[in-house]
Amino acid sequence: MKGGSIPAAVASMPSPLFLWRFKALMIWLWGINLWVFAQSSVNYAKVFDLAQTHLSHREIWRVCLSNSFLCIFCATWLTLIVPTSMTAYLYLYSHGEVSLAASQPVSCIRLVLLYAVLLIILLSPFDMFYLSSRFYFLRTVWRILLPLQAITFPDFFLADIFTSMSKVFSDLERSVCRMVNRQVATIAWFEADSICGSHSIAIPLVLVFPYLCRFFQCLRQYKDTKEKTCLLNALKYSTAIPVIFLSALKYHVFPEQWVGFYRPLWLISSVINSLYSFYWDIKRDWDLSILTRIFMFKNPSIWTNLLYGRNWVYYWVLGSNLVLRCTWTYKLSAHLRHNYLTVFAITALEIVRRFQWVFFRVENEWNKMTSKQSLEMSSDMPSEGDRLLDSSSHTV
């Protein structure tokens, strides 16, 4: 800290405050998704097999509003507690008051209490705080972690959402690591090679975990259906693994090895992952070969006139999805995570990309369900020949 300079590691410090911002943004956008579905002919409750008491977009926004107040509280908490404790620690430590400085990381206990309260609310068995919705979420998470049963649409839908949150999970792991090791307001916070630093092997492991969950889901689907597309989907998620681990190798190999050998491999794997994921979004997840009906609202609306059947919507979706799929490599690559503001912006853009992905993914699933139901109804109806044979058996 000589000369008033701040180490570069400060720019990559994970903070629980960022996690709250991501959470609030995701809830607001999910509420918009549900509002559009409610206004259109897409029955999202049937797609997700929700109970009659499921949360509507109004309740989602109400929850988000309450979380926004909680976010403000957390922001105030962290703004007052963490910098104050850190400043006190550095001042006391630099003046030889080591024993007093050691008492400053007590702020990590307060952060632990904050996480503990949130966990208690989520796991509470009492009929409060939307018990049925919490149970539905926990049950789906359990099925994602242990894909021992047939995979349903909610299972792989939420698992796909989790892949977009891999950076958030990584930051959460960093925060928990610092709290457990009492590094919230210590000089170790600035050390990249500390147990909770930016060079930790735990970072790529946490980043890759959501992709592994989705990978094993695809294998489970192949076991149940024997469809080769499941294996191709599993291959798509496996292409993220080289991107993550080749990037992490920069901190564990010599610089000339990284520049001459590992970085080209990382670039190639990044391009493969981005283009493969883009193709799968367009061809498989969305199936834009059919006309979308998602923005055809039941009642006349300015949004219907602006969005439904407009070619610019498809051009925007295709172009933005391709660009954001490529920039997503930045988030998966640990060696590019030194500028935290840039990473925050890219992660926020990924949430927006996933927000528009939800529209077409859910609508495509609803189209498949309605087509299957129509086919079953047509097969149950007697044919013309059956009706003639049936009429000939009657006595006139």
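Each residue, glycine too, has its Cβ placed from N, Cα and C.
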Which one of these stretches, 260-279, 340-359, shows up in TrEMBL as transmembrane segment? 260-279
Remote residues contacting the transmembrane segment (144-166) - C-beta distance under 8 A, at least 6 residues beyond either end: 22, 47-49, 206-211, 213-214, 216-217, 220-221, 224, 237, 240, 331-332, 350-351, 353-354, 361-362, 365
Short question: which residues 6 or more past the ends of the transmembrane segment (260-279) have a Cβ under 8 Å from it? 235-236, 239-240, 242-243, 246-247, 249-250, 253, 321-322, 325-326, 328-329, 332-333
